[in-house]
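Chemist: Below is a structure I'd like to ask you about.
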Amino acid sequence: MRNIGIIINKEKDKENKILNLVILKVKEYLNPDEIKVIDQFYKGDYKDLMSLDLLIVLGGDGTLLGVARKFSTVIDTPILGINIGNLGFLVTAEISELDEALYRIKVGDYKVEERMLLSCTIEGVTCSDERALNDIVVARGTLSRMAQYEVFINDELYATFKGDGVIISTPVGSTAYSFSAGGPLIMPNLQIVSIVPICPHTPNSRPMIIDGNNKVRVKPLINESDVFVTIDGQKALKLEKHNEVLIKKAKEFFRIISFDNKSYFKVLRKKLFKIE
């Protein structure tokens, strides 16, 4: 691999000790022509990133979600996620496994898996086209009253309910907010979407699984409530009356490196269920 990029969450490595260690190990195992350290809030020319053969992301799940949201539309470089955060459910390896991970990449003992992304557009809002690796949430504000939501699938009304909101989740996001709201766990390689009401006040409002090629439209009936759309829990936009949120599978994918010894169910047991 000739060109390697590194993105690090500086809040978790203020003295650059981890960054310097990773640079040293990358040189030792992969011997690249160039190592480019990229700020996680990068605002430069994305063309500079298109030549990367590998992008190493140092942080936790939040850092990885931010990278997916910001860079997925401009580069399709395979990503090696190294956890230096807390949960680290989405990452490829822990920082303690750095040597093993880089060695596996060196000898070609790895896979590049594609993860589905969601595209979110808000009708009536300029430049609202966003990407989400986990979920898109349409929900009331903290101090708002319960709101009413209409959910359409391919322009056909699916449900109308009152509640706190609705989560539109990818398979990757099924272990996040959707899981806490009673949604199902979904294997991350599938191309499906879950629709999960949040605290619905209607007994028959239940989670729904649909094929990823379907389009979802959420129409909040805004009266006295403030309603927001939140992308991966990181970016929020307030909706105005008559705004509708259009959600569909993005044409891009999030490409992440995986190893055979890190099965989905093994990670589930360890990270989510706390079973070794």
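Each Cβ is built from the backbone N, Cα and C atoms, and glycine gets one as well.
Features from Swiss-Prot:
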- Asp61: active site, proton acceptor (ACT_SITE)
- 61-62, 134-135, Arg145, Lys162, Asp164, Val172, 175-180, Gln234: NAD(+) binding site (BINDING)
Chemist: Give me the CA-CA distance between Asp164 (NAD(+) binding site) and Asp61 (active site, proton acceptor), in Å, as a whole number.
Modeler: 25
Chemist: At a 10 A cut-off on CB-CB distances, which of the binding-site residues Tyr177, Phe179 has the highest count?
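Modeler: Top count of Cβ atoms within 10 Å goes to Tyr177.
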Chemist: What kind of secondary structure is Thr175 (NAD(+) binding site) part of, going by DSSP in three states?
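Modeler: Going by the DSSP assignment, Thr175 (NAD(+) binding site) falls within a helical segment, counted as helix.
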Chemist: Other Cβ atoms within 10 Å is the metric here; tell me which of the binding-site residues Asn134, Asp164 scores highest.
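Modeler: That would be Asn134, with the most Cβ atoms nearby.
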Chemist: 10 Å Cβ neighbour count around Thr175 (NAD(+) binding site)?
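Modeler: Around Thr175 (NAD(+) binding site), other Cβ atoms within 10 Å: 24.
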Chemist: Any same-chain residues 6+ apart from Gln234 (NAD(+) binding site) with CB under 8 Å of its CB? Would you list them in sequence order, or say none?
Modeler: Gly62, Leu65, Gly66, Arg69
Chemist: Do me a favour and check the Cα-Cα span between Tyr177 (NAD(+) binding site) and the residue listed as 'active site, proton acceptor'; whole Å is fine.
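Modeler: Counting only the Cα atoms, the answer is 13 Å.
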